[in-house]
Each structure stands twice: as structure tokens, then as C-alpha cells.
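Asks: Per Swiss-Prot, compositional bias 'Polar residues' is recorded for 113-125. The disulfide bond annotation in Swiss-Prot covers CYS145-CYS226, CYS163-CYS315 and rests on similarity to another entry. As annotated by Swiss-Prot, N-linked glycosylation site applies to ASN114, ASN159, ASN389, with the evidence given as sequence analysis. The annotation GPI-anchor amidated alanine is assigned in Swiss-Prot to ALA424 on the grounds of sequence analysis. What Swiss-Prot lists as region 'Disordered' is 113-140. The annotation signal peptide is assigned in Swiss-Prot to 1-47.
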Amino acid sequence: MQPPRERLVVTGRAGWMGMGRGAGRSALGFWPTLAFLLCSFPAATSPCKILKCNSEFWSATSGSHAPASDDTPEFCAALRSYALCTRRTARTCRGDLAYHSAVHGIEDLMSQHNCSKDGPTSQPRLRTLPPAGDSQERSDSPEICHYEKSFHKHSATPNYTHCGLFGDPHLRTFTDRFQTCKVQGAWPLIDNNYLNVQVTNTPVLPGSAATATSKLTIIFKNFQECVDQKVYQAEMDELPAAFVDGSKNGGDKHGANSLKITEKVSGQHVEIQAKYIGTTIVVRQVGRYLTFAVRMPEEVVNAVEDWDSQGLYLCLRGCPLNQQIDFQAFHTNAEGTGARRLAAASPAPTAPETFPYETAVAKCKEKLPVEDLYYQACVFDLLTTGDVNFTLAAYYALEDVKMLHSNKDKLHLYERTRDLPGRAAAGLPLAPRPLLGALVPLLALLPVFC
């Protein structure tokens, strides 16, 4: 009997070739092939995301989501989405057998179904209109405008991630890397197929390298029948509770209420719910400066057309190495030598002489009793800015993590991320979980095929 990998090579293309309409029993060859792809190449051991692509295509074309015999356009859309997914992960899949088998299979299926390479793609998991009375939005709002509803017929739930920016500024990425950055000027926090977030950081003190966020721009892109393009902009001393056009929702489309702005505290705290992409954004003004926090599904985080062009997507890849500050070393040296002696030799921003280290520690302990990275960031900010409002910035950043982070075991971080130059440049992408709902039907098949 052939080993599983050799059998996969033999059956890979043959299985795909049998998927044409009216292919009869030979069409069944596709499903064992896909089963092999899912069971033979564990996602956790490779940066290649082909299993995610396979699972999404399985989910879109099997069970209650399977296109009917006359739904060739829908099937072609699913294939184009599959092809797009493989292109996004191509850089990390060179030499991966499952990846190359999938690429060849997509070409075969598109040829058999006369699918054009150009055309619409299906959104993640083909969705249907919700039952009457089941929508939390307007009664005529389509289900595609409520991200979590698309999981009702699957056993899996979305895997959410968090990114936050606060203080001087400190960045917590979608992969829980924690960095302190200079990043003066305008920088992109998020740049994917659904929205863009850009921050502008300005010096806190004249001539100092210490910066903080003074402006934030969020662009929600036009999305099907859900929302029109909307722009939100906040600046120092101006935290509006509406988009720049004065509206508070997604416009005039059926699913407009799937995008909403809510003012929690006037001039201090705004929350934006984008239910059509399962995303929650929190913007605060603390003192003169802004903080940002977001909760977003991995699927949306990774919806990027060209990975190679995303080198400055800070929430995903972190700050460039030459923009990072080792604030833990600053904190350790300050504790041992005193902030005044450190100021002359430290590459970090100059510390105001009027703010003693002991006072910074005492003020941060009042709000942040756990000596984690948020506490250390607080001490760093007080030493480098002399502004006590940065204590609240760190406190609220941690409160936002508690509300938005899906893993309650990762609320507190204790070790700063020290990127190697190669890793910082490459910016390893987030590794999404396989779609469990698509894998469940395969569990019974694995003893047969693996």
C-alpha cells in the first residue's frame, strides 16, 4: 500500500479532474483528495495557509451551501475566491505539496466549468437571507451584513484578534507582540480589503523623540448591499460621534445599520460597530492624545490582496525595527540609576527632570497594580513625557483589551517582543485557525482516507 503522501501525489490531479458536471463517480475523487490535504499537512507547523483556503472552499461548496446544478456562476465565484486565497499565501507555500495540488486543481475546475478568471468572488462562506424576525438589524437587512450569522449553520465560531495603540506610542499587534515605537508622522495601522486605519503621531515635547497619536482616520470601504464608503476622523481635542459626512451609520443601503457609531462618553470615548465584518473599534481621547483598540476576526485581518505590499501594516506586522524602542531596558536602567542620570545616556526620548522615577512608579501602581507591560509602559511614558494623563492611557488600553481580546489568558503580557531584523522585515503574517465547521464532516472520513 502506498504511503499517504505518495497516494496524494497520484490522486491529486485525478481527483480534481473528475469534478465536472455529470462526472458521476469519478467526481468523488475530489473529496478524498481534499480530505488528504486537510489531514496530511497540519496548519500549526507551517506558515503556509493552504488549509485555510481548502476549508473555506469546502465550506462554500458542500452541505447546505453547495451550488445547485444550474448555479455555475456561484460555483465559479467560489473557485475565484479559492484562487485568490492561494495567491495570497503563495509566498509562504513554495514547495508545499498540498498548495501545488490545490493550484492545479483550481485550474482544472475553472476550465471544466468555463469559469473566467475575472469576475466576482464569493464572500467568506456563502450566506443566505435570515429567517423572518431573526435579524438584529432592519427587517430587510441581508444576512451578509451580520458577520456572525454566517456561522449559524457551522459548528465553528469566528476567531477574534485584538490590536491596540496607546501612549508614547505602544503597539499590541494582532499576534500579541508588544512594542514601543517612535513612528513619527502618518502610519497605517490596518490596511485590508474592508477598511483602512491610519494614525498620525506628533512629538509630545519640543525636540523630543517621544510621540503620541494626535490624529486618527478610519475608512470603511463600500461593501455590497451593506454599507457605503464612510470615513471617520478624530484629532486632538476633537472626538466626533459621527462620520465626516455627519451620519452615524453606513448610509442608505439595506444593511446600513450594520455600521454604527455610539458615543460612550462625550468627547472622550467612541465605539464603532461594523457588524458586517464582525469588527468593534474603540477610540478614546485621554488628555490631549488618542488611543485606538480593535477586535476583528482573523478572516478579516488576513483579507489582504498583496502580502508583499503590506510591510507597514503595523497591527499585523509590527513597527519596523529601526522605529522600535526597548522601553524595558529603559525601565530597568531607570530603576537602577535614577531617571536623571539615565536621561543623558539613553537612546530613548529625553526624560523630564521634574518627574522622579519613584513618583512615576507610585502613580502607575495606583491604576495598574499588576506589573505587566502596561504598567511598564505607563512608567516609561511618565518618565519621557511628564504628562500624568499617560497613566490613564495605559489603564484604558488594558481595559479595552479585557473587553475586546478573545483569549482571557493573554490579557496581561510580561515580555516585550524583541524582533530579529529578518523577522521584523518579513513581518510574519497571522496564522488563522482552520475552519472547524468545515473539518467536522471530514472527521468520519479520515479513518477511511488517511
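Including glycine, each Cβ sits where the backbone N, Cα and C put it.
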Asks: Just checking, which of ASN114, ASN159 (glycosylation sites) has the fewest C-beta atoms within 10 Å of its C-beta?
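Replies: Result for the glycosylation sites ASN114, ASN159: minimum number of other Cβ atoms within 10 Å at ASN114.
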Asks: Whole-number answer please: how many Å between the C-alpha atoms of ASN389 (N-linked glycosylation site) and CYS315 (disulfide bond)?
Replies: 24
Asks: CYS145 (disulfide bond) has how many other Cβ neighbours within 10 Å of its own Cβ?
Replies: 29
Asks: Determine the Cβ neighbour count for ASN389 (N-linked glycosylation site): the number of other Cβ atoms within 10 Å of its Cβ.
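Replies: Taking every protein chain into account, the count is 16.
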Asks: How long is the line from the C-alpha of CYS145 (disulfide bond) to the C-alpha of ASN159 (N-linked glycosylation site), rounded to the nearest angstrom?
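Replies: The Cα atom of CYS145 (disulfide bond) is 18 Å away from the Cα atom of ASN159 (N-linked glycosylation site).
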Asks: Measure the Cβ-based neighbour count of CYS226 (disulfide bond), defined as the other Cβ atoms within 10 Å of its Cβ.
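Replies: By my count, 26.
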Asks: What's the CA-CA gap between ASN159 (N-linked glycosylation site) and CYS315 (disulfide bond) in angstrom, rounded?
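Replies: Distance (Cα to Cα, whole Å): 16 Å.
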Asks: Could you measure between CYS315 (disulfide bond) and CYS226 (disulfide bond) for me? Cα positions, answer in whole angstrom.
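Replies: Distance between the two Cα atoms comes out at 25 Å.
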Asks: Tell me the Cα distance separating CYS226 (disulfide bond) from ASN114 (N-linked glycosylation site), rounded to the nearest angstrom.
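Replies: About 30 Å separates the two Cα atoms.
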Asks: What three-state class does DSSP give CYS163 (disulfide bond)?
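Replies: SS state of CYS163 (disulfide bond) = strand.
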Asks: Calculate the distance in Å between the alpha carbons (Cα) of CYS226 (disulfide bond) and CYS163 (disulfide bond), and round it to a whole number.
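Replies: The Cα atom of CYS226 (disulfide bond) is 25 Å away from the Cα atom of CYS163 (disulfide bond).
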